[in-house]
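In what follows, a structure is listed as C-alpha cells, so that the remarks can point back to it.
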Amino acid sequence: MALRELKVCLLGETGVGKSSIVWRFVEDSFDPNINPTIGASFMTKTVQYQNELHKFLIWDTAGQERFRALAPMYYRGSAAAIIVYDITKEESFQTLKNWVKELRQHGPPNIVVAVAGNKCDLSDAREVLEKDAKDYADSIHAIFVETSAKNAININEVFIEISKRIPVTDAAGGTSGKGFKLGRQESESRRTCC
Amino acid sequence: MDEERQRPSVPWENGTLAPAHHLCTERADSPTPGLVEGTEPGAGQKNAMFVHAQSFEDLTAEAEEARKEAEVFGSRECAEDVGVLVEEKRVEQLNIPPDCRSKEEDVSSEAWRSHKKHMFVLSEAGKPIYTRYGTEEALSSTMGVMMALVSFVEAENNIIRSIHADGCKVVFLTKSPLVLVGVSRACRSDKELLRELQYVYYQIVSLLTLTQLNHIFQHKQNYDLRRLLAGSEYLTDNLLHRLDHDPGLLLSAVTCLPLASSSRGVISSSLQAAKSKNLVFSILLAGDRLVTLVRKKDQFLHHIDLHLVFNLVGSSSSFREGEGWTPICLPKFNTAGFFHAHISYLEPASELCLILVSTDREDFFNMSDCKQKFLDRLSKRSAYQALKEALKSRSYSVAQIGIPELRHFMYKSKSSGLYTSPEFPLVYQSDEEQGRLMALYQDLHSYVHHPTRPLRSFYRCGETENMMAWVTSGFELYLCFSPLGTKALAISAVNKLLKWIRKEEDRLFILSHLTY
C-alpha cells in the first residue's frame, strides 16, 4: 500500500485546544489540565484512506504571541492547516480570520484549510454561532467542523476530510514536499552500532 | 571511551593541604580529602562542565559592580534616606482598592501583604510586567511608585539598592530595560533577594532574548510586555518556587542521578555518538537530576542556563507527548540569540528527558534523528537497564554513611559545580519540615556568603537540630545533625562523611565530561 506523508499544522489563538485536538487524534486521550504548548510539538499518526496510507506529520504550534514569528516555519510546505477557534470565545474567531489572511498571503498556494470550532461541548457558553462560522468557512472554501476534543466529537472527521481534499497521489511530492527544510529527510543512513 | 583520565595540572601550589602526587593517581585513597579547588571529592577529571560555576558571588557580581560604579558618584546615605522616606508612601499605595480578576488575590488584603516573598518586574516606563501574587493591573500604581523611586535616585547619579523598613527588605535590581523589585520579610541579606531577582531576570531573557527586549522598548517605551509573556508566567512562578525549595539554586550547582560510572560512561558515549553539525549541547535529565551532559568542544553551559532548562522542562507537561521544538535563549551563554531545543521524553511516562540544543531553527528533523540514534544505541546496552533501575530509588539514604547523629547534608564540589545530598530522613518528610530545613540551610548559606564578613565555618545548636557549615576553596558542606550530638562528634562526622563521598564520588558525580 502506498504511503503518503502529509504535513499538517495547527494554528490558532492560545488556549483554544489545538494540543487537545492533536492528543485526541493521536493518543485518543484528553487532559483538562494541559499546559500551554511551548514552541511547537511534533507528532505523527498513520491512517488508512481508501487504498493509501496517510501519515500525518502534525505540527502543533504554540498560540502565544511570542512564538508568532515562528509560524511560517510550520505552515510553509504544509499540505493542510487546521485553524482552531474556541466557540465560547468570539475573539478567538477573529484571530482565526487573521490566520486565514496570513495563510492566503504567505502560505503555500494549494494548502487545504480546515476551520475547527473547538469546545462544542460547552455550547451553553457559546459566543460564535455555528452558522456564522460555517458561512465564513464556505466563503474561503475551507473545511468546517465543530469539534470537542474532550468528548471526542468530529476529531477524526477533520483528518478524514483533509485526506479527501488532498490532490491525488502523483502530485504528492508537489504539494507537500518542496521548498521547505522542515520536512522529514528521506535518506536516513541508520547504521547499526557495535 | 575517554583515554584522558589524567587530572589536569591546575596550579594548586599555594596552600595545598594534600600532596599533589597522590591526587594525580589514587584519588580514592587520598588520606585527606582535598580542601583545595580541583582536588575535592566530586571534582571533574577533565575540564569542568560549566563555565565558572563555582560561586554564588558569580551570580551577584555583575550587579555589585554596577553599584560600585554608581557609588563613585554622589553619597549613598542620601539615597538611603530618600529611600526610607518614600517607603512610607509605598506602604500607603498598597492600600489602593484593586481590580482583581485572576490569580484570585486581593492585593489590598492582609493575606497578600503577608506573603513571605514578593517579586515584581516592571518596565522602565513603570508598566507592570510580572507580579508573583495578585494581578499586574491591580498593582500598576504600586509599580509606578517603585519606578518613581528608582528614577528619583537615578536623577542624582545614584542607584537605589534597597530599603529596610518595618522588618521588610525591598531590594531593587535595574537591568535596563527592566526593573526588578523583591520584597521579603524572611531574607537575611539583600544579596539573597538580589540573587533571586537575577534569576527572574534571566528567566525573562531566556524567553525573549535581551536583543528583542531592547528592540521592543527602544521602539515603544510604554510597550506592555505582558503581551509577549502571556502564557509563560507559570515558568517564572515555578522558578520562584524552586528558589525556595531546590538546593541546586541555592548552591548554584546541579545534582546528578547516582549511577555506576561505567553505566554513565556508556550513556554519555551513546549520546556523544549521536551528533550533528549544529548540535551544541545534549542533556539527559532524570526529573531534576542530571544523568549526563555532552557538549561541543570549547562550549560551556552555565549552571544558571542549565537551571533555566530544568525549569522549562520541569514546569510543563506539554513535552510529555510527541517531540517539542522551541527557541530558548541561554542568557549566560549569549543574551543576543536563540538556540533551538529539541525536547522529548525517552519513553512515555518515563522521567528521562532528552534535550538537544541546536543553533539552527530548521534543525528539527536532524535533532529528531539524533534522538533516535541515541535511543537505538542505548536500548541495546545493559546500561539502559541500570539507568532505569537507578530511577526507581529516589536517591540514597543518609543511613548508608554510618554516622548515627547525621540527619542530612548538602555537599557541593566547587570546581565541577555539582552537589550531592541524600533523601530527606523521616523527621523531615512533611513539606513543612522540609521547608523549615531548607530555610535553615539558607541561613547557613547566607552566613558563609556574607558580603562583608563571610564565615569559613559555622556551628549552631538548636532545639530541634544542630546545623553546621564548612566552606573551603574546594567545597561547600552544609550539615544537619540530631540535637543531641556535640560539636566534637560533628567534626569527626565531617571527616568520615568526606571520606565516604570520596569513596562514592564515581557514582554521585559526573567526573569526566564528553565533548562531540
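In case you wondered, yes, glycine gets a Cβ from its N, Cα and C as well.
TrEMBL entries are annotated by machine, without manual review.
TrEMBL annotations:
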- B:117-239: domain 'FUZ/MON1/HPS1 first Longin' (DOMAIN)
- B:277-375: domain 'FUZ/MON1/HPS1 second Longin' (DOMAIN)
- B:405-505: domain 'FUZ/MON1/HPS1 third Longin' (DOMAIN)
- B:1-44: region 'Disordered' (REGION)
Which numbers of helix, strand and coil residues does DSSP report for the domain 'FUZ/MON1/HPS1 first Longin' (B:117-239)?
58 helix, 30 strand, 35 coil
What does DSSP give as the helix, strand and coil breakdown of the domain 'FUZ/MON1/HPS1 second Longin' (B:277-375)?
28 helix, 36 strand, 35 coil
Within the predicted model, mean pLDDT of the domain 'FUZ/MON1/HPS1 first Longin' (B:117-239)
91
